[in-house]
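Per Swiss-Prot, the feature Mg(2+) binding site maps to 489, 495; the stated evidence is sequence analysis. The compositional bias 'Basic and acidic residues' annotation in Swiss-Prot covers 700-714. The domain 'KH' feature in Swiss-Prot is assigned to 556-615. Per Swiss-Prot, domain 'S1 motif' is recorded for 625-693. According to Swiss-Prot, the feature region 'Disordered' maps to 691-714.
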């Protein structure tokens, strides 16, 4: 296929899609040019079905530093592992694409997005999402798209699609929404305490823009799309399924209704093991043994899935016996750890998170060096999910995509209420340790984070709480669930996380397993989430009503002083020599910004005071009219040089030593002698003139002698 180009304008910027020129050996490939951003997307599919029990989809978002005209930082001058932003963008693209493949599809699919040119005013992630959908849609890969995504900002009461950098910085909303022509299927958002009504309107505005992009894609698919390949779907034998359901469904139904998680898992596992053992014995010698046993396992999963959903939709009974809008039992505690800067323990049913606060000087902020201009990140929220939290063994090591994503969600939720740098000049790190999990652990980490911040004396604007909403839908009827647990998340159709204050929403995240949900469901879920959020906030405020007025004794104290910008180099010294000496002598940490704000940190107030004194003396300036107790350091014929303080000297001219005539300076002063002087002049070059005689009264002029008077008459 020769190169074909498709052009439109979207959100005020040119949008160009090129097909047929590059990456032609992939199943599908596109080059999307949006503004000055350019993204290459290639989609490929394995020829055979994988043997795993899940759909192996991999979506990558690769940031090439050359795209922004930047040289890679660090000693390795080559792109390495994906940045946090790249990982989050890959997840953002994966989530709306994944539900668009058929049930039982098991061929491995990879979608690789490479940013070739980066324009900070034209969203490369949204270009990559469009490219991913198009590459799959025009390929022979069985994909039930297209989908599209947009960013939505809210500036001065107006919604803006795919805002530029300045609009993003002015916005009260940072929303990414994706979906199909008919419905929304992915949401990711941070917001400055916006009400539910505005959030819902933003979603609808975003979906309307999505429909434009889908219409554009449909034109391209009609022109260059390939015929979809016939692939084998994972399907179980109907007769085997009927037999197992008839024989064992009643036992499995009973096991599923056990309310306590561990007991329920044990009961369902016992039924499954009995079924597997029976069929293992029956088909041990059968040549189709592996396929049959795979089917048995899949059938049991489907039976559990169907029973959990039936109980909720028909009987309105949840696995643990709760009402559909009921939260699990709550508990909150502060000061769980003695030596840290703040800690909070939050428990919701069998989900528990410990959040630990650490405060540090601004010099410890994380430097982010990606495609955007380098910047410093003041607030970090890290989320850890050890396998023991679910009673299992597993991999331990670097944070995976899920942990990075959950940490970022908590970061967005809590960042909206943090004090400004001027109010609270600290770098802030929260670490959420999930100690126990049965669903909604990311939202528990937000609640625990609020407790830790308030216990640590961080003056947040308001407490934040989070809740996860679920959905069970059969296409006609649906049930929205409050505070979903693990089983409801696994077998349900939606995981909709909502975090916020009493004032409004600070973060949203929605993933669904069906092709989309309606505005009515979104509105109902947001209303139900608000009620639950307020209930959790009641508990948080009962535990700690407001942030403590003081920091923990172990937290670094801070003091700030302002110096003239031209004195910064004096405090730092040649090669940092002076500031390093101050730090070594006092044990403090010191940060100096470009405007001359000096921040001094230490857990020892005396050390801070000593450092302040040293810095104050370094930047001290002599002022006209001030009096100093000085030391003579040099004598010349025309006067004496005296040291006022530190490295600041002044000249006492011979005429300023005394009111009477001084013949020789050395007759009156000697080196090392201490004298009081008054500054009488500072010129534009900083040279200082001082006077000794200005500190003593001028003697009266002598009266003329009578003799002289008489002599004049002679």
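Including glycine, each Cβ sits where the backbone N, Cα and C put it.
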**Asked** If you draw a 10 Å sphere around the Cβ of residue 495 (Mg(2+) binding site), how many other Cβ atoms fall inside it, taking every protein chain shown into account?
**Response** 21
**Request:** Could you say whether, by DSSP, residue 489 (Mg(2+) binding site) belongs to a helix, a strand or a coil region?
**Result:** helix
**Item:** Counts by DSSP class (helix H/G/I, strand E/B, coil) across the domain 'S1 motif' (625-693)
**Value:** 8 helix, 36 strand, 25 coil
